[in-house]
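Feature list (source: TrEMBL):
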type: ACT_SITE; residues: 274; note: active site
type: ACT_SITE; residues: 329; note: active site
Ligand code: ACO
């Protein structure tokens with residue numbers, strides 16, 4: 001049999017094609033008692049709203065990766081182990097110092113995540129100890145590497161993690177060199193929960209494909225970081241802020257939208273649209289909008305928020321009838337902006353959180369592994385003659 005013998009239906013973007021069986025998370029749309037439709041997101045069958053209200057990122061990572069909520073002792077041990085592995089080797093820092101300061105932090109993160117694998121055994125089949133060590137190291141060190149690049153590109157030295165600060169607070173401390181306000185740290189923790197997992201999206205698929213080759217988990221994460229970076233995926237949060245900046249004022253929203261659609265009727269507005277949440281607003285966008293408002297109440301308003309609200313209103317007229325609504329990336333940038341995080345770090349912050357989901361998928365992929373090797377529909381010719389270079393036009 002050749003690939004030509006297979007005549008499967010081609011679905012661009014693999015829309016609707018199951019790529020794995022998974023019990024890690026669920027996304028869907030449900031009808032409420034009042035007859036409205038709403039988006040659903042569950043991690044290990046627990047609604048995202050409950051986790052955002054009551055869990056913390058480290059507990060959520062445990063839940064995603066090991067499939068159940070930890071006991072108090074398990075959570076304490078897991079947190080302590082992660083906190084004690086937050087430092088990165090001086091050789092990784094030296095390598096990062098050589099990165100151009102004008103380079104994008106996602107590229108720095110992808111290179112640093114891959115470099116971590118240089119220090120630990122490769123191609124090991126994940127017995128329990130190996131898997132646990134890799135999980136701890138990646139969850140612990142990825143935020144340190146994001147923060148280190150931010151300080152180094154400003155010409156400063158990376159700061160050491162603080163053992164007395166939890167996951168989110170320590171990340172913000174390493175990033176800004178200041179202990180964060182507890183409300184800001186709490187909001188960051190909720191943001192990490194919201195971004196930790198989202199079924200078979202592009203970067204998770206990428207992680208699973210890499211995992212299926214039995215590549216080591218550092219390579220799996222580096223693959224996934226590269227895939228998350230694109231503006232149609234995790235990179236959209238940075239693009240949203242650039243768009244709001246370009247629009248500038250509430251009065252300019254409608255002219256901006258009309259101008260974009262006039263130049264290209266299929267113009268893609270960043271932070272809108274989703275393969276699964278068709279006809280509903282992403283449930284994470286709603287929680288993020290609440291978090292943004294909490295920060296504005298405490299630390300002052302952001303004029304971009306009014307622009308964002310007006311843009312959502314205007315785009316509902318144009319895109320709502322086609323089922324296109326704000327996704328997770330629409331309001332996250334406003335939250336991070338209020339925390340003083342530069343726009344090009346929004347996607348690395350997303351990556352810090354998504355490491356939990358990627359690791360859960362790495363683990364699950366290896367439980368019943370078969371290397372990914374899909375097919376294609378060949379559209380070329382056959383048996384063409386080789387033409388000598390001098391005969392080509
Ligand atoms: N603005 C305007 N039109 C849109 C948008 C948008 N943001 N998103 C989708 N559409 C339109 C498309 O033009 C297409 O129209 P058509 O049927 O007339 O051809 C239709 O809606 C379907 O869109 P697709 O791009 O085919 O939808 P798909 O499921 O392939 O893509 C995606 C989903 C990539 C998220 C898309 O909506 C998009 O590009 N959005 C902007 C980028 C973005 O915000 N990405 C973040 C997604 S969330 C995440 O990855 C974390």
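Cβ atoms here come from the backbone N, Cα and C positions, even for glycine.
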Cα-Cα distance linking residue 274 (active site) and residue 329 (active site), given in Å to the nearest integer: 11
Secondary-structure category, per DSSP, in which residue 329 (active site) falls: helix
Sequence-distant neighbours of residue 274 (active site) in its chain (C-beta under 8 A, six or more apart): 282, 325, 327
Structural state of residue 274 (active site), classified by DSSP into three states: coil
Residue 329 (active site): tally of other CB atoms within 10 A of its CB: 29
